[in-house]
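What follows is a set of notes on a single structure, which appears directly below.
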Amino acid sequence: MSIALDSSTATAAAAPSPTRARIAALLALPLPELIFQAQTVHRQHFDPTQVQISTLLSIKTGGCPEDCGYCPQSAEFDVGVKASKLMDIAPVLEAARRAKEAGAQRFCMGAAWRSPKDHDLDRVAAMVEGVKALGMETCVTLGMLRPDQAARLKSAGLDYYNHNLDTSPEFYGSIITTRTYQDRLDTLAAVRDAGINICCGGIIGMGEDLDDRAGLLATLADLDPPPESVPINALVAVKGTKLGESAPIDPIDFVRTIAAARISMPRSWVRLSAGREALSDEAQALCFLAGANSIFYGDTLLTTANPAVARDNALFDRLGMTKLS
């Protein structure tokens, strides 16, 4: 299959796509009405008291040649992130064992590459096989993939491949110049053709407007089928990156984005991802009420802070929520 960027979303067209217009209308609703609609949809497809738990490990950190304006792992920015080589298999599997013992259902592995070299992909495939043998779901994010590379990961048993769109087609060029939006869609098509589930979302708070948020969610929702997993990130502004001086996003705006994602992609897992450390327990509770049902679990998320496991467990207890087993 191929995924082409619709010309109606590739430029700032006067008439937005029906999906985009519908999502823009959702984002403009009074918050109580929006959350009510999102929770109603959520209950039709999921147990609203359960949260899917994923853990993310950086298996190759820093030195990425891409110029993503938000990313401390880009070689374009001097932020003190030391580039590392791809990890050996044994410590990755040990980290996966610890994650499973802590309650994680899915183990995600991220490498800061533009795209993987084939010899590195062989080692990643062995990691996938080892994590699968532990009884966990697997996800990797390695950059752009060729169709044969996606097929190699599928043969290793990979469950999910993460490749985010980041933002709307219109706003994308102000954040990233070293790969195109279509490059990202091509990787998603290769992953889908290989029979791997897609994990794909974006980042809120990079200076985009509400229409850009609607454009991101519409592009995701219009994928056929939509991603099985949709991570929604709040920008973590790292000093020294292009977006390092960005103001924090209003938590209510973040909740609105979660709710619109849930309504527009009713069967997808909607994950609270980067930036959750800055959200209060009350803001996270609103996100769960708005349809979020997945988190990254663990004290770090690649190179940024994440809520402590003890804090998450205490929050789940207070809310009467349980981890999906």
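Cβ atoms are placed via backbone N, Cα and C, with glycine included.
Summary of the site annotation: Swiss-Prot records [2Fe-2S] cluster binding at Cys139, Cys199, Arg271. Screening the candidates Cys108, Cys287 against this entry identifies Cys108 as the one listed for that site. Counting only same-chain residues six or more apart in sequence, the Cβ atoms lying under 8 angstroms from the Cβ of Cys139 ([2Fe-2S] cluster binding site) belong to Ser54, Arg106, Phe107, Cys108, Met109, Leu158, Asp159, Tyr160, Tyr161, Asn162, Cys199, Ser229. Listed in sequence order, Gln52, Ser54, Gly201, Ser229, Val230, Pro231, Ile232, Ala292, Ser294, Ile295, Phe296 are the same-chain residues at least 6 apart in sequence whose CB falls under 8 Å from the CB of Arg271 ([2Fe-2S] cluster binding site). Within the same chain, residues at least six positions away from Cys71 ([4Fe-4S] cluster binding site) with a Cβ under 8 Å of its Cβ are Cys64, Phe77, Thr241.
The Cβ of Cys68 ([4Fe-4S] cluster binding site) has 22 neighbouring Cβ atoms from other residues within 10 Å, across all protein chains displayed. Listed in chain order, the residues near the [4Fe-4S] cluster site other than Cys64, Cys68, Cys71 are Glu66, Asp67, Tyr70, Pro72, Gln73, Ser74, Glu76, Ala112, each with its Cβ within 8 Å of the site Cβ centroid. Counted within 10 Å of its Cβ, the other Cβ atoms near Cys108 ([2Fe-2S] cluster binding site) come to 29, all protein chains included. For the [2Fe-2S] cluster site, the Cβ centre of Cys108, Cys139, Cys199, Arg271 serves as reference, and the other residues of the chain with Cβ at most 8 Å from it are Ser54, Leu56, Arg106, Thr141, Tyr160, Asn162, Ser229, Pro231, Phe296.
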